[in-house]
Amino acid sequence: MKEPFLAILCALLISQFLMMHTRIPSGSMIPTIEPGDHLIVNLMPNYYRTPKRGEIVVFEYGGEHLIKRVIGEPNDVVDLKDGKVYINNEEIDETAYIHTYNGTREYAGSDIEFPYIVPEGCYFMMGDNREGSADSRIFGSISKNAIIAIGALKIFPFQAIGVLK
């Protein structure tokens, strides 16, 4: 009787404080994450460090959990020009996670004005599928307090298992 209780207690503690399973419903992070992919996200780093530019994070916005990439850190100046992202007037290299078609990228419209200064304690997030992502270009910066997890492990489909970069 004691073993099942301990197993359930351990599972609850792990799911509340260490890791969380999530299924991806949209294509906002294509090609890195596809709709239907299953991920395990690490809840622990959020307790002892802040996210860094380029990392994948899960955050809460509008009552939903969203997954995006950190583009701008607190006090950064983010600018979008000619299909490129600039941080503090320097183009960032996104070739590791952004694939272009015909050598160019177009960005969906934005509800915020650029250049944009990321407020203290906030982060500027963007989906890897820049043409199909509702992100900080639409809803602005995300508070560090809204960030739930830093980093992710793809667990399904099985042929794509691995740590996301």
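Keep in mind that glycine also has a Cβ here, set from the backbone N, Cα and C atoms.
Residues or ranges marked as domain 'Peptidase S26' by TrEMBL: 5-149.
Within the same chain, residues at least 6 positions away in sequence whose Cβ sits under 8 Å from that of SER28 (active site) are LEU66, ILE67, LYS68, GLY127, ASP128, ASN129, GLY132, SER133, ALA134, ASP135. Taken from TrEMBL, the feature active site covers SER28 (among others).
Taken from TrEMBL, the feature active site applies to LYS68 (among others). Just so you know, the Cβ of LYS68 (active site) picks up 23 other Cβ atoms within 10 Å once every protein chain is counted. DSSP classifies LYS68 (active site) as strand under the three-state reduction.
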Exercise for review: Tally the residues of the domain 'Peptidase S26' (5-149) by DSSP class, grouping H, G and I as helix, E and B as strand, and everything else as coil.
Suggested key: 27 helix, 50 strand, 68 coil
Check your understanding: How does the model score the domain 'Peptidase S26' (5-149) in terms of mean pLDDT?
Key -> 85
